[in-house]
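J.: First, the structure itself, so that you have it in front of you.
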C-alpha cells in the first residue's frame, strides 16, 4: 500500500492542503475561521488511515495549535516543517536560518526544483510582501515589505484614514477620492518596488505567488509568471523526517 501523506500550509487567513499516496484525491483550502470544516475533512478522509501529516506554519499560532490538538486526538503522526530542517535543499543567505519564514524557504525549494540552474526573483504576496533572490540553488537575500492589503489596514493606526480592503478592481490611476487614492497608492508602492528589483537584477526571471499575486501581476509591466501553491509544491519535494 502506498504511503499516505497530507501536507498543510497554514497561513494567516487560509489553510491549504494537498494529499499524496492514499490521500492523492485531497486538495484545496479552508478559511482558518472555518475550523469545523477542517475537522470534518479529517474525520471523513484521514481518521483511521496510516497517514503522515506535514505542517508548514507561518500564521496564527493559535490556529496551528488547534490543528495539532486535532491530529493528536485522531492519533495521526505529524511533523512540523521548519526552516532549519531544509538547509540540505537550499543554501540560505541567513546566518540564523531559524529566523527566515519557512514559507519563503519552501517557495525557493519549489522554484529550484521546477526551474533548476536558473536565476529567479521570487515574490510572495500575502500578509507581507516578500522578495527573494535565488541563483542556481543559492539564496542571495531578499526584502520584506508590507503587502498592499496590510498597508491599507495599517493606515488608521498612523493617520486619520479609513481601514479598507484592497478590492478587486486594482489600478495605478490617480484617485479622485481618499479611498481610491489609498488603493492606488499602496499598489503603486508594491509595483514600483518590484519593477526596481527586476530592473536592478537583469537576467533574473520573476515569479509571483500568494493570495494577492493575481492583483499585483495585473499591474506589473516586467516579464513574469504566476505560480500557485508554491509552499505545497516545495513540501512535495522534501522527505526529511517523514519516513
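Note that the numbers count up from 1, one per residue, in the order the chain is shown.
Keep in mind that glycine also has a Cβ here, set from the backbone N, Cα and C atoms.
Note that TrEMBL annotation is computational and uncurated.
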J.: Check TrEMBL for me: it has 9, 10, 11, 12, 13, 14, 15, 16 binding ATP, so pick out which one of 127, 130, 178 it puts in that same site.
T.: 127
J.: What recorded positions among 94, 101, 103, 104, 178 are found with a C-alpha within 10 angstroms of that of residue 9 (ATP binding site)?
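T.: Candidates kept after distance check: 103.
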J.: Report the nearest neighbour of residue 178 (substrate binding site) in space among the recorded positions 11, 13, 15, 103, comparing Cα positions.
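T.: Its closest listed neighbour, by Cα, is 13.
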